[in-house]
Each structure stands twice: as structure tokens, then as C-alpha cells.
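Presented below is the structure to which this report refers.
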Amino acid sequence: MFGILAAIKDRLGLSWPATVLLTTGVLVGLGYGAWRLRSGLARMLSGTPQPAAAAQQEAPAASLDGEQAGAELLPAHPELTAALRTAGVIGSEQVIRADQVTISPVQTGEVYDFLVPKGRTYEDVEKRLGTVAGMFGVTRLHMTLERSRDNERRVKLLKLHEPPFTRPFPAPTRQEIETFAGVPLGHDVTGQLAGVPTFDKASLLVAGMTQMGKTTLVNGLITCLLIGYGEFELYLLDGKFCGLTRFEPYATRYESSDDPAVFWEMVRELNRRSDERYAQITEAIRNRQPVPKFKPVIFIVDEAADFFASGATNEEKDQAKQIAEDTRSLVAKSLESGISTVLMTQRPSTNAIPVMVRDQFLYRMCLYVASAGTAKVALGDTYFETVAPINPVLLDPDIKGQAVLFANGRSRLIRGFDFDDKFIWDVVDKRVAKRMESLPEETPLRKAIELLRAKGVDFMTTPDMAPALGILEDDPAKRGKRLNELLGGPPTYKNSQGRGYRLDDLVAFAMSDS
Ligand SMILES: Nc1ncnc2c1ncn2[C@@H]1O[C@H](COP(=O)(O)OP(=O)(O)OP(=O)(O)O)[C@@H](O)[C@H]1O
């Protein structure tokens, strides 16, 4: 090295300090030139030109962060980098590294699995999902984002080939429903089952214009509950008269009516049960006992809007107010009492379901509606400010049963199941039979139920039933009273044959507890 320096010194006729300085300067200059050339080549290969100013800004960060320095040299994924930069998800100087992207085909589209640059998270993509979809040349409905559990920077972006649910998925089998972790409500856009983790401590509002598939969706929900949910009681109010009839044999109480008084009566009955349950909880806490576990009760109302409508007189207005207040209280108290409410409405207008009732619902679903305002009524006033909202107005009204499911702050597009009637009947029959098996064998109530079943009748009068259960009293009043006491107090029913008991009432009574 000394020899080389001496040769340079002789050749240029410089002093020693000047020779050393000059040689060092030239070597540093050459090194910088080589670095510029290399990064320029890397950028050219990745097809992402970078302004000089940005490159200068990035130099210090690169020296702090090994990965970022590596990112500069590694090729970027052109499609994702360009889309996410233009959508404003990542900065113009940032890239999505090609070696951190995998694209895999699924049944209905393809999944882009990638890491966003350091300093960004999946939420940056989620917040701008509509714009990102636009960059891919599709709509928000074609795109679904899933976060990963292992890394905040990992994004799984599903892009559909066709509008969602263009092709129907087959209804799930019993086994698929049984193995689903939670309560399925429908298929997601890839054909997987989607739903909510539990119906315990939850309530659901389902809104959508007429003929969009609400009743079918809720029939699917009840079917899934009967297959996969533990023991529960069902209260059904069929405001459309025949939408929920298939489940009557299992229901603890089934009413088919559009009379607000019937709705109010059911709400009050459930509020009473809820109060009793609260009293038991308080008592347990007071006595330092474990809090009792209650059998879940699920109250489902098909077409609820009419029940809150108010008449013109003051008395009717007061009644409507009281109905709204009682309903709000029921939904709000479901948290601890284990009584969940599902309300459906085809008129999600501002005054159809009172705001104080609506705001209590933990889960909300909206099928196709004609305006964003109506969607807000169903999903909440601030719905469009939530993360990655899906506008129900954009759903295709010809593909029935599609709905935006808004649960735990996240939106999902699903399509309710459309089960065969035969499948539903079979599920109901099996569940009712299972219930019967679980009844204590030798009770008079079970004997009475089996008597009606053996005779193949839905109703039996007191004079016919009493002797079969060992009551040989001749006085009708005394006989009726003794039989009712023996059975434990189930509701009686009167028809043209006289007073007696209906099979459905006896079964429901046998199943109910506080
Ligand atoms: N998931 C689905 N797949 C296929 N067809 C469906 C689906 N959901 C609903 N439908 C069909 O759409 C029609 C309307 O369904 P449904 O009666 O459930 O709607 P609705 O919203 O309850 O209507 P309304 O409020 O007028 O009573 C029915 O013919 C039903 O078979």
C-alpha cells in the first residue's frame, strides 16, 4: 500500500498528506458510486422508480433497520405495491416485498397473503378496503380482509372472481353445523360457514326489505340452533302468521299474531322470568354461592315493526311507549338473564323500531335495502364510520338471503341458508324426541304426554285423561283441579269437546324451567 501511495506521490508530484487525502477521497467516491449503481439496478428490476428526495430521506432509516435496507434491494410486488400506494395504504417510498407475498387460489377467487411494511398494520389496509378494491378493478363486495393472529403486519386479502354468491352454495350438513365453532348464520363469500361465536348474552336485529330472505335466514338460524346448540327454550312470535310455524313443536311458547298486545304480553312474561333470574343471581352472590346457570331462552319475533306502531289516542301512545320501554329492558337485560332476543323487520325506518330498542342489539344484520339511510337505521347511525363497512345498498337484490353481518365492530358479507323443508322437519322431530327422552320417566306429566302420543291425538279432555292417570273423582271441578295439580300446573285448553290439555302445551311445559 505504501508502494502504491509512493508511486502516486511521485507521479503527481504531491506532498504525502495531499496524496493520502486524495487517494482516500477517490476510494470513498468509487464506493458511493457502486452503491448508487446497485440500488438503481434493484429499483429498475422491481419497476418502482423512486424520487431522489425520497431515497435521501430513506437512507438514515435504512441504516437503522436491516429489513428496510433489505427491502430496498429486494424486488417489490408490482401489483400490490402500486395498488396499496395509490390507495394511500403505504407511503410512496414503501414497497410490498415480492418475497413476502403468496397468492393462492380458492374456490371463488384468490387470496393475497402479504406483509405490509414496518410501521403499517393490517388496519391500514382494512380502513381503505373500498379504495383498494377499486385499484384491483373490483368492488368492495368482491374483497374480504382477514387479519392474522401471528403478526399485525400480515394481511390476507380475498379477491373474488365474480360478484359474491353468484353461484349458490349447498346447504350445510348436520355434521358441518355441529362442528362449527359457534352458531352459523350462513355461508361467507368463499362458501365457508360464518356466524357468531355464541348466542349466549346476545341479541340480534335482522332488517331488510320485503322478500329479501329474512324469514328464510332466521329459519336457518333456528335449525342450526336445534342441531348444534345445547338445551334452550324457544319463544316464537310469528308476526307474519306462518314464517316460523315449522318450529312450533319445539317452542315453549308459540304465537301467531300481529296484535301488539300479544307481543307485549310475551315481552312481559320474559321480563318476569328475567327478573326472577336476576333475583336468583343476587341471592346466590349474597350467600356467596356460585351464580346459577340458566337454560338459555331465545325469543324470536318475525316482523316486529308493527308492534311498536302507535295509535292516535293518548292511551295508545302511552301503550306504545310502554311496549318500547319493556322491550328495551328485555334486550338490555339479556346479558345476565340468558334471554336472547331476535327481532326481524322489513321496515327498518326510523320510527319502526324505536332507537332505544335498536341500540341494545349486540349483533345486527341488514339484507338488501334501497338507501344508505335505511341501512344506518338497521346497523347503527355510525355504521359507515366503522372499520371497512359494507353498504347493503350495493347487494344484489336478486340474490336472496345476502346480508351484512355486523358483529363485534366488524362487517361480513354472508348468505343465509335455505334448508329443505324436509331437513327442517327432521331436525325438529329429532330434537323434540331427544327432549322427551331426557324427561324423568315416571312423572304423571310424561305419562300424560305418552298417552296422547300413543293415541295419536293432539288434544285430550280432562274426563278422558284423569282416569288414565289414576284420578277416579266424579265431581268435574275437583277432578280438573286434581289432574292439574298432578301434572304440575300446565296450561289447560278449551275447545268444542270441553276443557283439557294439548300435546304441544304439555311438551312445552315439561321442557320449561325458570
Ligand atoms: N338463501 C337463500 N337462497 C335461495 N333463496 C332464498 C334464500 N333466502 C330467501 N330465498 C327466497 O327468497 C324469497 C323470500 O324469502 P323470505 O320469505 O325469507 O323473505 P322475507 O325477507 O322474510 O320476506 P317478507 O319480509 O316479505 O316476509 C323466498 O322465495 C325464498 O325461498
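Even glycines carry a Cβ here, placed using N, Cα and C.
Bear in mind that TrEMBL entries carry predicted annotations, made automatically and left uncurated.
Residues 12-35 are the range that TrEMBL records as transmembrane segment, among 12-35, 204-227. Outside the transmembrane segment (12-35), and at least 6 residues removed from its termini, the chain residues within Cβ reach (under 8 Å) are 5. Cβ neighbour count within 10 Å across all protein chains ranks Gly208 highest among the binding-site residues Gly208, Gly213. In sequence order, Gln346 constitute the residues six or more apart from Thr210 (ATP binding site) in its chain with CB-CB distances below 8 Å. Same-chain residues at least 6 positions away in sequence with a Cβ under 8 Å from that of Thr215 (ATP binding site) are, in sequence order, Lys240, Gly243, Leu244, Asp302, Met344.
Ligand 1 lies under 6 Å from the Cβ of the following binding-site residues, listed in sequence order from Met209, Thr210, Gln211: Thr210, Gln211.
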